Every structure is written in C-alpha cells, then in structure tokens.
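Before any comments, here is the structure.
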Amino acid sequence: MISLRELENEARAHLAPEVHDLFAGGADDEITLRANESAFARIGLVPRVLSGSAERDLSTSLLGRTIALPVVIAPTAFHRLAHPDGEISTARAAQAAGTIMIVSMAATTPVEEIPGDTWFQFNVQPDRELTRYQVQRAEKAGCRALVLSVDVAAFGHRERDLRNGFDHLPDGLVCENMRDAAGVVRRIEFAPDLAWSDLAWIREISALPLVLKGITHPADARRALDHGVDGLIVSNHGGRQLDSVAATIDLLPDITSAVGGRVPVLLDGGVRRSTDIVKARALGATAVGIGRPVLWGLAIDGQRGVERVLSLLREELDRALALCGASSLDDLSEDLLRW
Ligand SMILES: Cc1cc2nc3c(=O)[nH]c(=O)nc-3n(C[C@H](O)[C@H](O)[C@H](O)COP(=O)(O)O)c2cc1C
Ligand SMILES: CCCCCCC(=O)C(=O)O
C-alpha cells in the first residue's frame, strides 16, 4: 500500500462493519469529520526552489524530547478491537519510528504494559478520586505527560453507533485504565462541571507536564497559558464531539498567534498526507497527531501496519521538504502557503 488512503480502504475488509463505523464515524451529520480533511486541500503550497536542501532533518523537539518526525499517535480508544495485540503493537510501532504514543484512558491494555515514550490522556471523572488514581497510575507507569481532553463535557452524538446498536465492548475487552483501586472497571463518565479552576487540582495530584486537548478558541488558548499549561492540542476530536466545529487547520493560525511560541501547539484531525503536516508546521504547529490512520494500520497488520503508516508519512514528508526547498521543519513558514 502506497498511501494512507489505500490503507484506509483496505482496513474496511479487516474489521466488522460496526467496528469500522465506530472508528470511522463522527458526530451528527459528520460535517466536521469531512471538513478536517477538505480544509487541508483548500490550502495551496507555494514552494521555493534551488535551495540546495540535499539532506533533510525531520526531527523536532517536544516537551524536552526530540522526536524523529513531527507526528505523534493521537489517543484513540479500544485498540484491541482492531487487533488482538492492540495498544502494545501501536506503542512498539511508535517506538520504532522514534515518536510518542498518547495512551487513551479508554485503552484496552493497562497503561503499565504499554512500552515506549508515552503520554496519558484522560477525561476528568465525576469521581475525582478515580481520576487521581488513574493519573498517579500513569505517572508511575512512566508516562511523561498528561493530556487532559477538554472537549468532552458530554458524549458526542454518533449516529452510526446508535444505528448499529454498538454500546458496549465485546466480552473479554474492557477499558483497562478505568479500573479503580479495588480493580473494578468503572464506566467512563463525563464531567460537565469541569472548569478552569480544576487545573490547579490536577497540578496538585501530578508533577507531569499538562497538555490540554480540544482547544479551538484563541481566547481559551490564552486562558490556558494564564493557567500555566505546558502544551495545547488544537483538536475537534476528529469530528466526534460537537459537529460543525471548524476544521482544525482553519483554527490553527489564530491559536498559534495567541500562543506566540510560549508552549508547543499540536494539531490533529484529518492529517492524511505529509503536505498536511507541512501546512500545519507552516502555520506554527510543533507536531500533528494522527488518529484513525493508526487504527487502519493496526487492523490490517498489527505493529507492522502502524509502522507502515508512520513510514509512509516519513517518506512523504522527506520528499515534500525536498520539493519545498526546505532542509528542516523550521524552514517551513507561512509564506509557503496560499489560502
Ligand atoms: C475511534 C476513535 C477513538 C478515539 N478515542 C479518543 C479518546 O479516547 N480520547 C481522546 O481524547 N480522543 C479520542 N479520539 C480523538 C483522537 O484523539 C483525535 O482527536 C482524532 O482521531 C484526530 O482525527 P483523525 O482521526 O482524523 O486523525 C478518538 C478518535 C477515534 C477515531
Ligand atoms: C463511553 C466510552 C467513551 C470512549 C471515549 C473514546 C472517545 O473519546 C471517542 O471519541 O470514541
């Protein structure tokens, strides 16, 4: 397979239809889901030539670490629905590619068993003691940052899942990171009362860097900086929460300009080609996250499938940099774009 698009098509044959829908789907009319990808296509590149960029450096620095390419694994639930080795395979592929995996609170593998350079994503639970336990578990397991999803005041209305009646995991699979201190698997709940003032409490329970995922408004980006967060992820949850949220690549410039380089800004949603990464970098993102492509690779061929996803992006990105006349990601700036 020679592109993420081909992998996406092939994955359909490797998944039960209702699981494919669970992974592929978005909220309501899936306007945001489609917009994420189509917005990238609306931005044109204006490459430079004769710049002598014989060698390209694809690495970037993120929260004190160097990653080999500016692509991280966005947190996605239920990897063992895609492949029996689930999150372990994903993590090994991320490790082989020299990048970070953000482990989901809804992972089907305990965070302690997931190897490599990991961050831990969580939603604050109404039972704050459960959240405290999860966060401390992740820290003890060696995760290097916490990613708090802030776009989950309620659960998105996913009509494909409602139509398919997909409302629980098959026997034998559970959200392993939802176990409480007694080992009981608790249901994921939502906390609409979560507020900026709760960030201080999260700081109290963990010393790890804190990244907010699901920032879309520049005023919220500024507010997050006032609260001392360590990073932001511009995300609309891959179109799975509030439908009609603007495409992330369209939201990015206002956020990076509000942040002014004070903390890293990542973007996820619809990244399927290296030219999408070039556009995000040119608009100030440090790195991008990929969600569904990882699940497609995993469904097709486990660890090797995810490695293929990452190596395709790496090869494409190296070529795109050469064709843009860039030697490193820092050479990508807004003047290479035409809106
Ligand atoms: C099947 C699936 C499960 C997801 N699970 C989570 C999750 O557990 N936590 C979270 O913050 N985001 C979750 N997301 C959202 C992703 O982290 C990410 O924002 C989104 O997938 C990016 O868009 P993309 O799939 O177009 O790359 C999920 C997305 C998908 C498709
Ligand atoms: C009630 C189960 C919630 C799983 C959360 C995973 C997620 O965020 C998603 O988009 O799916």
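Just so you know, glycine gets a Cβ as well, placed from its N, Cα and C.
A quick note: this is a predicted structure, and the numbers were derived from the prediction, not measured.
Feature list (source: TrEMBL):
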DOMAIN    1-339  domain 'FMN hydroxy acid dehydrogenase'
BINDING   75-77, Ser104, Gln121, Arg158, Lys213, Ser235, 268-272, 291-292  FMN binding site
BINDING   His237, Arg240  glyoxylate binding site
ACT_SITE  His237  active site, proton acceptor
Out of the binding-site residues Ala77, Gln121, Gly270, Arg292, the residue with the smallest number of other Cβ atoms within 10 Å is Ala77
CB < 6 Å to ligand 2, subset of binding-site residues Pro75, Gln121, Lys213, Arg240, Gly270, Arg292, seq order -> Arg240
Among the binding-site residues listed as Gln121, Lys213, Asp268, Arg272, Arg292, within 10 angstroms of His237 (glyoxylate binding site) by C-alpha we get Lys213, Asp268
Here the Cα-Cα span from Gln121 (FMN binding site) to Arg240 (glyoxylate binding site), rounded to a whole number of angstrom, reaches 16
According to DSSP, Lys213 (FMN binding site) sits in strand
Ordered by sequence, the long-range same-chain Cβ contacts of Arg272 (FMN binding site) under 8 Å (at least 6 apart) are Leu4, Arg5, Glu8, Glu37, Phe40, Pro293
Note: in the chain of Asp268 (FMN binding site), residues six or more apart in sequence with C-beta under 8 angstroms of its C-beta are Ala74, Ile233, Val234, Ser235, Gly238, Thr248, Val288, Gly289, Ile290, Gly291
Comparing local Cβ density (other Cβ atoms within 10 Å) for the binding-site residues Lys213, Arg240 points to Lys213
Taking only the CA atoms, the spacing between Pro75 (FMN binding site) and Arg240 (glyoxylate binding site), expressed in whole angstrom, is 13
Whole-Å Cα distance, Ala77 (FMN binding site) to Arg240 (glyoxylate binding site), is 13
